[in-house]
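Asker: Quick one: the structure is below, questions incoming.
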Amino acid sequence: MDLQYAFELIGTFVFAISGALAIREKEHDLFGAGFTGFITAIGGGTLRDILLDAYPLVWIGDIHVLYAILAGILAAFVFPNLLSKLRRTFFLFDTIGIGFFTVLGVEKALSLGVRPEIAAIMGMFSAVMGGVIRDTLTNEIPILFRKEIYASACLVGAIFYATMEYLGLERNYNLLISMSLIIAIRLIAMKYKLSLPRLD
Amino acid sequence: MDLQYAFELIGTFVFAISGALAIREKEHDLFGAGFTGFITAIGGGTLRDILLDAYPLVWIGDIHVLYAILAGILAAFVFPNLLSKLRRTFFLFDTIGIGFFTVLGVEKALSLGVRPEIAAIMGMFSAVMGGVIRDTLTNEIPILFRKEIYASACLVGAIFYATMEYLGLERNYNLLISMSLIIAIRLIAMKYKLSLPRLD
Amino acid sequence: MDLQYAFELIGTFVFAISGALAIREKEHDLFGAGFTGFITAIGGGTLRDILLDAYPLVWIGDIHVLYAILAGILAAFVFPNLLSKLRRTFFLFDTIGIGFFTVLGVEKALSLGVRPEIAAIMGMFSAVMGGVIRDTLTNEIPILFRKEIYASACLVGAIFYATMEYLGLERNYNLLISMSLIIAIRLIAMKYKLSLPRLD
């Protein structure tokens with residue numbers, strides 16, 4: 001459990017960095033970058049918890065989450081060039097991050113007593129809606145709507161986790177397998193440039 | 001009451017179809033279309049219930065609502081051309097739908113004990129905010145801001161319903177008359193290309 | 001306290017006017033202008049209270065707030081040219097308004113028992129998120145992301161208020177000093193065209 005908590009803080013830290021750097025090519029100032037890092041890091045979990053009436057929100061109830069975000073923003077401010085060059089590393093971190101937060105989101109929703117179908121949606125929301133809100137605020141088309149296997153990988157992993165949990169698979173195995181599934185789908189889709197068809 | 005519940009599910013189904021088809025001309029894939037259908041169907045009621053602290057949210061507490069949405073998305077995936085040709089039919093369904101959901105939204109808000117003025121706003125939100133959130137996420141100017149009698153028709157009907165309820169009109173009559181008022185305003189405005197003036 | 005309540009209603013009134021006039025150059029009709037005025041006036045406080053689970057929302061629990069908003073929208077409808085000419089006056093009112101609502105937002109969050117760091121963020125949200133939501137809905141880049149000292153002034157004042165409150169400064173002094181700080185930062189930044197650096 002302590003290890004998991006450490007990963008949650010690290011994941012939040014990484015999301016804040018990538019959020020702050022996401023608007024680097026734009027006309028935004030440091031404050032805008034910090035705000036974007038903040039929204040990216042908290043958006044998904046916040047939306048999930050508001051939809052599920054699960055208060056206090058994680059970052060409001062646990063100040064360490066806010067500190068992890070501020071540390072991420074600070075890192076982006078101090079080492080923007082260094083961190084921007086680590087694009088491949090970040091892609092990997094982000095992929096691990098969405099896998100991790102998807103599965104934790106499903107678990108939290110299930111623990112609040114909602115049905116598995118709803119929990120799967122909440123898991124996907126946890127992972128991707130921070131980026132969606134960030135993109136909406138900064139007038140970008142959210143990645144979710146672009147032709148890329150991203151949120152759909154999270155949804156597949158979330159459905160898998162909820163199903164396995166229902167079937168009684170031991171929690172830690174389930175967590176690792178479901179995360180790996182999300183990560184594998186995303187990496188394979190990137191490597192072979194796979195995408196879902198359009199609606200027509 | 002059973003009839004009303006059936007209409008609610010049908011209305012949700014139709015909103016999900018029109019939401020999924022709404023982004024058809026864009027670069028979105030199937031996942032994006034499904035997501036858009038989902039948001040369109042749940043957005044208005046979800047916003048209303050979050051504002052009113054009315055939990056669980058309808059689609060989280062009643063799994064049939066989610067199934068109606070998934071059925072709508074599936075229908076849009078399987079018969080996109082057929083359904084797109086039914087544009088006039090959909091316009092009619094959408095008009096009936098916003099009338100119906102406006103009135104139910106006012107009723108729900110009143111049943112939660114808020115004042116009629118607030119309930120009227122909540123009714124309008126129920127009907128139109130799903131589309132507003134969808135348009136915002138996909139970088140469109142929401143229909144609400146375009147020169148068309150749409151949300152304003154809902155607001156007029158919502159105010160009418162709240163007033164008649166206050167004056168003691170029997171509920172089912174009130175529901176039918178208020179819905180008809182919204183539908184009539186929208187149809188007449190479309191036929192005669194009526195619009196509200198601009199602010200200048 | 002009565003004086004403070006009067007200022008809250010006046011501030012809401014002014015925010016509704018400036019929100020309704022904000023989209024004047026666009027293709028929006030009167031309904032869109034009214035909607036924009038409404039969102040601008042309630043957005044920040046509503047977001048704060050949803051994040052903090054503080055129900056009923058201010059404008060739902062106190063009908064005078066809604067009346068202040070409707071009065072502001074009506075004023076914008078009746079005197080658009082006159083009010084648009086008062087741009088400088090409005091800039092001043094807006095600056096006083098964000099100072100005032102920031103500080104009250106911090107105070108409310110503290111009274112709900114959250115930590116000072118969180119309360120400072122909530123104060124800033126109270127003041128600026130109405131405009132952010134408005135800009136997002138109307139497809140503008142929110143002012144927060146433009147190179148202007150706006151939300152950052154609120155954040156500085158909010159942190160100052162939370163710190164002084166923690167250190168035991170008498171509430172009314174703290175309120176006046178923190179508000180003045182926000183107003184001073186914004187006015188000085190405008191006069192000398194100060195801005196934060198970009199991230200690069």
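Cβ atoms are placed via backbone N, Cα and C, with glycine included.
Since this is a predicted model, take the numbers as computed values, not measurements.
Pulled these from TrEMBL:
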type	residues	note
DOMAIN	C:6-79	domain 'Glycine transporter'
DOMAIN	C:92-164	domain 'Glycine transporter'
TRANSMEM	C:6-23	transmembrane segment
TRANSMEM	C:30-51	transmembrane segment
TRANSMEM	C:63-83	transmembrane segment
TRANSMEM	C:90-106	transmembrane segment
TRANSMEM	C:149-167	transmembrane segment
TRANSMEM	C:173-189	transmembrane segment
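What's the neighbourhood like for each of these?
Answerer: Per-residue pLDDT, averaged over the domain 'Glycine transporter' (C:6-79), rounds to 93.
For the domain 'Glycine transporter' (C:92-164), DSSP puts the residue distribution at 59 helix, 0 strand, 14 coil.
For the transmembrane segment (C:6-23), same-chain residues at least 6 beyond its ends with a Cβ under 8 Å from one of its own Cβ atoms are 32-34, 36-41, 64-65, 68-73, 75-77, 80, 83-84, 90, 93-94, 96-97, 100-101, 104, 130-131, 134, 138.
Beyond the ends of the transmembrane segment (C:30-51), by six or more residues, the same chain brings 12, 15-24, 57-59, 65, 68-69, 72-73, 76-77, 101, 105, 108-109, 122, 125-134, 137-138 to within a C-beta distance below 8 angstroms of the stretch.
Same-chain neighbours of the transmembrane segment (C:149-167): 98-99, 102-103, 105-107, 110, 116-117, 119-124, 127-128, 143, 174-175, 177-179, 181-182, 185-186, 189-190, 194-196, counting only residues six or more beyond its ends whose CB sits under 8 Å from a CB of the stretch.
Through the fold, the transmembrane segment (C:173-189) approaches residues 95-96, 98-100, 102-103, 106-107, 148-150, 152-154, 156-158, 160-161, 164-165, 195 of its own chain, all at least 6 residues removed from its boundaries and within a Cβ separation under 8 Å.
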Asker: Please list, for the domain 'Glycine transporter' (C:6-79), how many residues fall into helix, strand and coil according to DSSP.
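Answerer: Residue counts for the domain 'Glycine transporter' (C:6-79) by secondary structure: 60 helix, 1 strand, 13 coil.
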